[in-house]
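J.: First, the structure itself, so that you have it in front of you.
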């Protein structure tokens, strides 16, 4: 026998068009590799004695043999009890004949009458979609406690103040209503532009289906399919409903977007195909077992909408901040009511104006607006990094994310099969490059499947796959031979040669040349090593052909090498994961692919290989393991493999129950439920419409590197919001405490309209905080509200002292008049030197100017970590501050408004106020440092001890997983949600809008659940027809 020199390079030459002497069908994408677990090969020794049988344990799915029902299907009555009793019917492995009998159908299909009857029972084969009423949606943004207080203030100004000869307070009413509508308009605009996940899932369903009714093939709307229908699909079609195949010709189905499996799957008679998957090869007929919301696809959609009633993290924080402000205001409003009316015997209207000052000045009504603008600007900045934000509150939650759950296929990896050059095995005098070149010869260059494409791509230059050879014959992959084969003439030598590649067990059985016991043992070990690492094996063999005919006998195939095929990580994934971990974010892989593949990918990415199969999520840790409960296992694991949508959903839910903010990345419809449940759902580039619709952030560039930019940017935005929150709470304290004390001591009646002007100028300035320069933290951010409230109380009391001290000096002494030669409009004083008219209009204007200037200046202290002048603010913030101070000073100099009790003041008074505020401003940094060294340090120490105690408690008995951030926990918190709340629940109570909800624990073994549900409904609604031909047995009703 002659051999080929492996170093011999083929010459040039143009090959004939491929397929000139080959079958036109494309090779199945995964068929080169898949092999039954127990595939064995035998060979004969030269002496004719049989060698030992070998088992090539290649990587792949284990096959389950179909079984019959354990009782006579023709005699049992199919009640719900029968269907759920596996001692009678094991629906997970039931043979196709029993499926026909269970669904009361035949290969001729249903009758039109029966199909119409079942349509009434099961509903249309489409997903429910509910449209929100835009008017109710707009009004819902005025339905929270902060807005209620402002709405009450508006009613007070227009209704209750109309008495004792005084007209309604139109000015205050218009100002308050304008603030409310501005806030609602921004929130409404945000939500109306958010993606609708359920609609995206609906659009992904196949619009048409080929169905057999009354023995005739028809093309109907897929929405009219019902369980028991007979359908047909071919290459390029989308499977219209979940079905079991009873006829399949070379069928390959791409269901990566549904299950996360890297490779398209070969399907044979008896297998199940999922709705929404794509037929990549062949044609098939099947019986529909589930439609619409009961399909695998539909259950994913129902999970996407299941947590629609969950309060967002930012809304929960707003609820607590709002509660702090409301309690503060409530205490001092009650105090004023008792003191002013009961103590001072104020008239109705006079006391009402004082209460309005506390309500208008104390409520941070613009807080949702300011935070929304801050987040919206942040979303625009994220767009520069190719990240589209569909729910802007997710930016705040991304800053606090502690765990990132990532899908593997298409997210961490390229979802593109590749030859792993580092693991190629060679046998004999052949190099790895020789093996790749020979494998490329045995691959199609047109109409390629995934394996052929990966093989030819490994060459670098696809032209080399036909360079120097003349193609004589090509046999594409088919599910019977499980290999491809090329016969070609080598132009440099004129010799005819033949190369084949395919499944290991098949290729080694063909080999007769140079096959030894040692070679087979080595091959068996190599294949098992690949299987342990989740790599798929592709064997390559070569022979020379006698004579000049392409179909002539050869000198016997010789095994030359073994290729490993895998889905490689993206180029930037490892660096992205390392950077995410340096930012304090733990990354976990959650994939629908197999455990061995997940572990190998985890090792390559540095994630670790402490990964577990999905079954542990149901069974829990094994007895005697180091984990006391499932929650500990999930927290410790590097990832999970073989998971379905409900598993991903449950992992995210449990991590949230342990107190973590969780981000989930993905690209397929199978990721949509977990994307929806996660605090932050991230759809990567190339994601399906369903994943993009369920996600909060959609990436438009490949890979995960954009996520690191998004995390850093979100932490910048978080710092801006934290700075504003301290400022807003401090202003509430300073306004409420300050004017209450002035009313108690001097019966000081500050005009409500002027406090509204202060609020408008402050909020207009603070809006530019969304563009401020701040430094992000290197750890996940969290809302430490105790710290925020402590700072706010300290700042608020200090600013209150600055205002009260100024008023006391003016009222009790004439030092300013004597020193700076200024005067009030009514300067009369009593013999003790005290000002007689303590409600002098000019004194009101002086107080207004002092409060307006120093309140806005406070933001420069709250935004900095050190001295305020050490961290330069943005030009926008500085410019807005300057304009606001100029406007405040102009109002003080020229604001002679007849409708409110103020009067212009001289330039001398304006200068006095400015110098006064500057003197009081500088010590604010000292207060910040003193608080940090004392009170804040104590708060952090107490929280650290609490965390340690919680960690010790976590090692004890398993704690029940609680629903986190839920409206069920607190009605009060739920009222701050930027989604439909009270009004929408009222609509549902009166059946004005419906939504499909499916419990996550229903999503086990999809075939079993679907067939059980369908059979149960049919048992309750028997059609009583004469058994159609082809059905085995009868059904008793």
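Any Cβ shown, glycine's included, is placed from N, Cα and C.
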J.: Among 693-711, 826-844, 845-863, 940-958, where does TrEMBL put the label transmembrane segment?
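T.: Checking TrEMBL against the ranges 693-711, 826-844, 845-863, 940-958, the transmembrane segment one is 845-863.
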J.: Examine the ranges 623-642, 643-662, 663-682, 903-922 and name the one recorded by TrEMBL as transmembrane segment.
T.: 903-922
J.: Select from 599-621, 875-897, 967-989, 990-1012 the stretch of residues annotated by TrEMBL as transmembrane segment.
T.: 875-897
J.: What parts of the chain pack near the transmembrane segment (903-922), using Cβ distances under 8 Å and only residues at least 6 beyond its ends?
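T.: For the transmembrane segment (903-922), the far contacts come to 798-799, 802, 806, 816, 820-822, 825, 840-842, 844-846, 849-850, 853-854, 857, 861, 889, 892-896.
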J.: Pairs 6 or more apart in sequence, C-beta under 8 angstroms, 3 or more of them: is that satisfied by the transmembrane segment (750-769) and the transmembrane segment (724-744)?
T.: yes
J.: Which sequence positions outside the transmembrane segment (355-377), separated from its termini by at least 6 residues, show Cβ-Cβ distances below 8 Å to it?
T.: 141, 146-147, 149-150, 152-153, 156-157, 161, 169, 172, 176, 179-180, 182-183, 186-187, 190, 314, 318, 321-322, 325-326, 328-329, 332-333, 336-337, 392-393, 395-396, 717, 720-721, 724-725, 728-729, 731-732, 735-736, 739-740, 750-752, 755-756, 758-759, 763, 766-767, 769-771
J.: Between the transmembrane segment (724-744) and the stretches 321-343, 845-863, 875-897, work out which stretch tops the count of Cβ pairs under 8 Å.
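T.: The stretch with the most contacts is 321-343.
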J.: Please give the sequence-distant neighbours of the transmembrane segment (875-897): residues at least 6 beyond its ends with Cβ less than 8 Å from one of its Cβ atoms.
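T.: For the transmembrane segment (875-897), the list is 753, 757, 761-762, 764-765, 767-769, 771-772, 845-846, 848-849, 852-853, 856-857, 859, 903-905, 907, 909-910, 913.
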